[in-house]
Amino acid sequence: MRIAVHGAAGRMGRLVIKNAVEEGLEVVQAFDVSRVGEDAGEVAGVGKLDVPISSNVEELSCDVVVDFSVPSATMRLLEVCSEKGIKAVVGTTGFSDEQRERIGELASSTPVVLSPNFSVGVNIFWKALEMLAEKLSDYDMEIVEIHHRFKRDAPSGTALKAGEVLKDAVGKDLRFVFGREGESLRSDEEIGIFAVRGGDVVGEHTVFFIGFGERIELTHRAWNREAFSRGAIRAAKWIAKVDKPGLYSMNDVLGI
(Lines of atoms letter the chains of each structure in order from A and count residues from 1; the text may use other names and numbers.)
(Lines give C-alpha, C1' and ligand atoms only; values in the text may rest on other atoms or scores of the structure.)
Protein backbone atom coordinates (compact mmCIF):
# COMPACT_ATOMS: atom_id res chain seq x y z
CA MET A 1 0.00 0.00 0.00
CA ARG A 2 1.32 3.43 -1.00
CA ILE A 3 0.64 6.10 1.60
CA ALA A 4 1.24 9.82 1.89
CA VAL A 5 1.53 11.69 5.17
CA HIS A 6 0.07 15.20 5.47
CA GLY A 7 1.54 17.14 8.38
CA ALA A 8 4.71 15.08 8.01
CA ALA A 9 6.97 17.36 10.03
CA GLY A 10 4.70 17.42 13.08
CA ARG A 11 4.87 15.09 16.06
CA MET A 12 2.12 12.82 14.82
CA GLY A 13 3.22 12.95 11.21
CA ARG A 14 6.76 11.88 12.09
CA LEU A 15 5.43 9.03 14.19
CA VAL A 16 3.08 7.87 11.43
CA ILE A 17 6.04 7.72 9.02
CA LYS A 18 8.09 5.77 11.56
CA ASN A 19 5.33 3.26 12.31
CA ALA A 20 4.37 2.93 8.64
CA VAL A 21 7.95 1.98 7.76
CA GLU A 22 8.04 -0.48 10.68
CA GLU A 23 4.85 -2.11 9.40
CA GLY A 24 6.19 -2.44 5.87
CA LEU A 25 4.06 0.23 4.21
CA GLU A 26 5.48 2.31 1.37
CA VAL A 27 5.63 6.02 2.23
CA VAL A 28 5.64 7.68 -1.19
CA GLN A 29 4.84 11.32 -0.35
CA ALA A 30 5.06 13.72 2.58
CA PHE A 31 3.51 17.17 2.91
CA ASP A 32 4.01 20.06 5.31
CA VAL A 33 4.68 23.79 5.26
CA SER A 34 7.83 23.38 7.36
CA ARG A 35 11.05 21.50 6.61
CA VAL A 36 10.17 21.58 2.91
CA GLY A 37 12.74 19.78 0.77
CA GLU A 38 14.10 17.67 3.63
CA ASP A 39 13.83 13.89 3.39
CA ALA A 40 10.74 12.68 5.26
CA GLY A 41 12.51 9.58 6.54
CA GLU A 42 15.36 11.57 8.02
CA VAL A 43 12.90 14.02 9.60
CA ALA A 44 11.07 11.04 11.15
CA GLY A 45 14.33 9.47 12.32
CA VAL A 46 14.08 6.30 10.22
CA GLY A 47 16.79 7.05 7.69
CA LYS A 48 16.63 8.29 4.12
CA LEU A 49 13.46 7.38 2.19
CA ASP A 50 14.11 9.55 -0.88
CA VAL A 51 10.78 11.26 -0.18
CA PRO A 52 11.24 15.04 0.07
CA ILE A 53 8.68 16.99 2.08
CA SER A 54 6.56 19.14 -0.23
CA SER A 55 4.20 22.02 0.50
CA ASN A 56 2.21 21.46 -2.71
CA VAL A 57 -0.68 19.14 -1.89
CA GLU A 58 -1.83 19.38 -5.50
CA GLU A 59 0.88 16.80 -6.24
CA LEU A 60 -0.93 14.18 -4.13
CA SER A 61 -0.71 10.72 -5.74
CA CYS A 62 -1.09 7.66 -3.49
CA ASP A 63 -3.52 5.00 -2.32
CA VAL A 64 -4.26 6.54 1.10
CA VAL A 65 -3.21 9.82 2.72
CA VAL A 66 -2.95 10.08 6.51
CA ASP A 67 -3.55 13.59 7.84
CA PHE A 68 -2.54 15.16 11.14
CA SER A 69 -2.39 18.90 10.51
CA VAL A 70 -4.67 21.90 11.06
CA PRO A 71 -8.29 22.34 9.90
CA SER A 72 -7.61 24.81 7.08
CA ALA A 73 -4.89 22.58 5.60
CA THR A 74 -7.03 19.47 5.98
CA MET A 75 -9.91 21.10 4.11
CA ARG A 76 -7.68 21.84 1.11
CA LEU A 77 -6.29 18.31 1.26
CA LEU A 78 -9.77 16.79 1.19
CA GLU A 79 -10.73 18.94 -1.79
CA VAL A 80 -7.80 17.38 -3.65
CA CYS A 81 -8.70 13.88 -2.42
CA SER A 82 -12.25 14.38 -3.66
CA GLU A 83 -11.06 15.57 -7.07
CA LYS A 84 -8.59 12.69 -7.49
CA GLY A 85 -10.52 9.91 -5.74
CA ILE A 86 -7.80 9.38 -3.12
CA LYS A 87 -8.79 7.80 0.20
CA ALA A 88 -8.04 9.70 3.40
CA VAL A 89 -7.56 9.08 7.11
CA VAL A 90 -8.07 12.33 9.05
CA GLY A 91 -6.85 12.79 12.62
CA THR A 92 -6.92 16.58 12.66
CA THR A 93 -9.25 18.14 15.26
CA GLY A 94 -10.79 21.57 15.86
CA PHE A 95 -13.12 21.71 12.84
CA SER A 96 -16.02 24.16 12.78
CA ASP A 97 -19.56 22.94 12.16
CA GLU A 98 -19.35 24.31 8.61
CA GLN A 99 -16.10 22.47 7.97
CA ARG A 100 -17.57 19.22 9.29
CA GLU A 101 -20.52 19.61 6.95
CA ARG A 102 -18.15 20.17 4.03
CA ILE A 103 -16.12 17.08 4.97
CA GLY A 104 -19.30 15.04 4.73
CA GLU A 105 -19.95 16.44 1.26
CA LEU A 106 -16.40 15.70 0.08
CA ALA A 107 -16.61 12.16 1.45
CA SER A 108 -19.43 11.48 -1.01
CA SER A 109 -16.71 11.28 -3.68
CA THR A 110 -14.10 9.19 -1.87
CA PRO A 111 -13.84 7.12 1.34
CA VAL A 112 -12.72 9.13 4.39
CA VAL A 113 -12.09 7.92 7.94
CA LEU A 114 -12.52 10.83 10.34
CA SER A 115 -11.82 10.47 14.06
CA PRO A 116 -10.78 12.87 16.82
CA ASN A 117 -8.82 9.98 18.33
CA PHE A 118 -7.44 6.88 16.60
CA SER A 119 -6.50 5.07 19.80
CA VAL A 120 -8.24 1.70 19.96
CA GLY A 121 -8.55 2.16 23.73
CA VAL A 122 -10.31 5.51 23.40
CA ASN A 123 -12.81 4.08 20.95
CA ILE A 124 -13.61 1.28 23.40
CA PHE A 125 -13.81 4.00 26.09
CA TRP A 126 -16.52 5.76 24.06
CA LYS A 127 -18.40 2.49 23.69
CA ALA A 128 -18.26 1.93 27.46
CA LEU A 129 -19.55 5.48 28.02
CA GLU A 130 -22.55 4.70 25.85
CA MET A 131 -23.47 1.70 27.99
CA LEU A 132 -22.98 3.57 31.27
CA ALA A 133 -24.99 6.59 30.13
CA GLU A 134 -27.90 4.39 29.06
CA LYS A 135 -28.03 2.85 32.55
CA LEU A 136 -27.25 6.04 34.50
CA SER A 137 -29.25 8.59 32.54
CA ASP A 138 -30.44 10.33 35.72
CA TYR A 139 -26.88 10.87 37.02
CA ASP A 140 -24.97 14.12 36.55
CA MET A 141 -22.29 13.68 33.87
CA GLU A 142 -19.10 15.74 33.76
CA ILE A 143 -15.98 15.49 31.57
CA VAL A 144 -12.43 16.57 32.44
CA GLU A 145 -9.60 16.37 29.91
CA ILE A 146 -5.88 17.08 30.40
CA HIS A 147 -3.34 17.73 27.65
CA HIS A 148 0.12 19.21 27.17
CA ARG A 149 0.53 22.97 27.24
CA PHE A 150 1.03 23.18 23.44
CA LYS A 151 -2.34 21.74 22.38
CA ARG A 152 -4.17 24.35 20.34
CA ASP A 153 -7.83 23.38 20.57
CA ALA A 154 -9.85 23.23 23.78
CA PRO A 155 -11.73 21.25 24.76
CA SER A 156 -10.20 18.31 22.93
CA GLY A 157 -11.99 16.59 20.09
CA THR A 158 -11.99 13.43 22.21
CA ALA A 159 -13.82 15.21 25.04
CA LEU A 160 -16.38 16.69 22.66
CA LYS A 161 -16.95 13.27 21.12
CA ALA A 162 -17.44 11.83 24.63
CA GLY A 163 -20.06 14.50 25.25
CA GLU A 164 -21.88 13.62 22.04
CA VAL A 165 -21.81 9.93 23.00
CA LEU A 166 -23.42 10.78 26.35
CA LYS A 167 -26.10 12.95 24.73
CA ASP A 168 -27.00 10.29 22.19
CA ALA A 169 -27.11 7.52 24.80
CA VAL A 170 -29.37 9.53 27.13
CA GLY A 171 -31.58 10.63 24.26
CA LYS A 172 -31.65 14.28 25.28
CA ASP A 173 -30.22 17.41 23.70
CA LEU A 174 -28.09 18.22 26.74
CA ARG A 175 -26.20 21.51 26.74
CA PHE A 176 -22.41 21.61 27.01
CA VAL A 177 -21.07 23.96 29.70
CA PHE A 178 -17.42 24.84 29.22
CA GLY A 179 -16.38 25.80 32.74
CA ARG A 180 -18.40 27.39 35.52
CA GLU A 181 -18.16 30.54 37.61
CA GLY A 182 -20.38 32.79 39.68
CA GLU A 183 -23.49 31.73 41.57
CA SER A 184 -25.82 29.29 39.83
CA LEU A 185 -27.20 25.81 40.36
CA ARG A 186 -26.35 22.93 38.07
CA SER A 187 -29.11 22.20 35.56
CA ASP A 188 -30.26 18.67 34.80
CA GLU A 189 -29.97 19.55 31.12
CA GLU A 190 -26.21 20.08 30.94
CA ILE A 191 -22.86 18.31 30.72
CA GLY A 192 -19.81 20.10 32.06
CA ILE A 193 -16.64 19.86 29.95
CA PHE A 194 -13.38 21.15 31.42
CA ALA A 195 -9.97 21.48 29.76
CA VAL A 196 -6.70 21.43 31.72
CA ARG A 197 -3.42 22.33 29.99
CA GLY A 198 0.10 21.82 31.29
CA GLY A 199 3.45 20.14 30.89
CA ASP A 200 3.82 17.28 28.45
CA VAL A 201 0.63 15.30 29.16
CA VAL A 202 -0.16 13.30 26.01
CA GLY A 203 -3.84 12.92 26.83
CA GLU A 204 -6.13 12.01 29.70
CA HIS A 205 -9.93 11.95 29.71
CA THR A 206 -12.18 11.24 32.69
CA VAL A 207 -15.97 11.09 32.63
CA PHE A 208 -17.79 11.33 35.95
CA PHE A 209 -21.23 9.81 36.53
CA ILE A 210 -22.30 11.42 39.80
CA GLY A 211 -25.33 10.31 41.76
CA PHE A 212 -26.41 10.82 45.38
CA GLY A 213 -23.97 9.03 47.66
CA GLU A 214 -21.85 7.53 44.88
CA ARG A 215 -20.04 8.21 41.63
CA ILE A 216 -18.39 6.28 38.83
CA GLU A 217 -15.27 7.57 37.08
CA LEU A 218 -14.13 6.18 33.74
CA THR A 219 -10.65 7.27 32.64
CA HIS A 220 -8.47 6.74 29.59
CA ARG A 221 -4.81 7.76 29.76
CA ALA A 222 -2.29 7.83 26.94
CA TRP A 223 1.37 8.12 27.92
CA ASN A 224 2.75 8.29 24.39
CA ARG A 225 1.40 8.85 20.88
CA GLU A 226 2.03 5.33 19.60
CA ALA A 227 -1.61 4.37 20.23
CA PHE A 228 -2.84 7.21 18.01
CA SER A 229 -0.36 6.51 15.22
CA ARG A 230 -0.86 2.74 15.20
CA GLY A 231 -4.62 3.27 15.14
CA ALA A 232 -4.35 5.66 12.18
CA ILE A 233 -2.27 3.12 10.26
CA ARG A 234 -4.83 0.44 11.10
CA ALA A 235 -7.50 2.75 9.68
CA ALA A 236 -5.41 3.32 6.54
CA LYS A 237 -5.06 -0.42 5.96
CA TRP A 238 -8.80 -0.84 6.45
CA ILE A 239 -9.93 1.96 4.15
CA ALA A 240 -7.54 0.83 1.43
CA LYS A 241 -9.93 -2.11 0.96
CA VAL A 242 -13.08 0.05 0.98
CA ASP A 243 -14.53 1.01 -2.40
CA LYS A 244 -17.74 2.76 -1.36
CA PRO A 245 -17.34 6.54 -0.85
CA GLY A 246 -18.53 7.88 2.48
CA LEU A 247 -17.56 9.23 5.86
CA TYR A 248 -16.38 6.46 8.18
CA SER A 249 -15.32 6.34 11.83
CA MET A 250 -13.12 4.10 13.96
CA ASN A 251 -16.28 2.19 14.89
CA ASP A 252 -16.35 1.03 11.28
CA VAL A 253 -12.64 0.21 11.33
CA LEU A 254 -12.95 -1.79 14.57
CA GLY A 255 -16.35 -3.29 13.79
CA ILE A 256 -17.93 -2.07 17.03
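Each position is counted from 1, following the chain as shown.
Placed from the backbone N, Cα and C atoms, the Cβ positions cover glycine too.
All annotation found in TrEMBL is predicted automatically rather than curated by experts.
The active site, proton donor/acceptor feature in TrEMBL is assigned to H147. What TrEMBL records for K151 is active site, proton donor. For G7, A8, A9, G10, R11, M12, G91, T92, T93, S115, P116, N117, F118, the entry in TrEMBL reads NAD(+) binding site. Annotation source TrEMBL lists (S)-2,3,4,5-tetrahydrodipicolinate binding site at H148, G157, T158. If you look up TrEMBL, you'll see 1-118 marked as domain 'Dihydrodipicolinate reductase N-terminal'. Per TrEMBL, the feature domain 'Dihydrodipicolinate reductase C-terminal' maps to 121-254.
Distances between the Cα of H148 ((S)-2,3,4,5-tetrahydrodipicolinate binding site) and those of the binding-site residues A9, G91, T93, F118 are shortest for T93. Neighbour count (other Cβ atoms within 10 Å of the Cβ, all protein chains): 22 for P116 (NAD(+) binding site).
The highest number of surrounding Cβ atoms within 10 Å, among the recorded positions R11, H148, K151, is found at K151.
In three-state terms derived from DSSP, H147 (active site, proton donor/acceptor) belongs to an extended strand segment. Taking Cα separation as the measure, the residue listed as 'active site, proton donor/acceptor' is nearest to T158 of the binding-site residues G7, T93, F118, T158. Taking the C-alpha positions, the distance from the residue listed as 'active site, proton donor' to T93 (NAD(+) binding site) comes to 11 Å.
Of the recorded residues, F118 (NAD(+) binding site) and T158 ((S)-2,3,4,5-tetrahydrodipicolinate binding site) place their C-alpha atoms 10 Å from one another.
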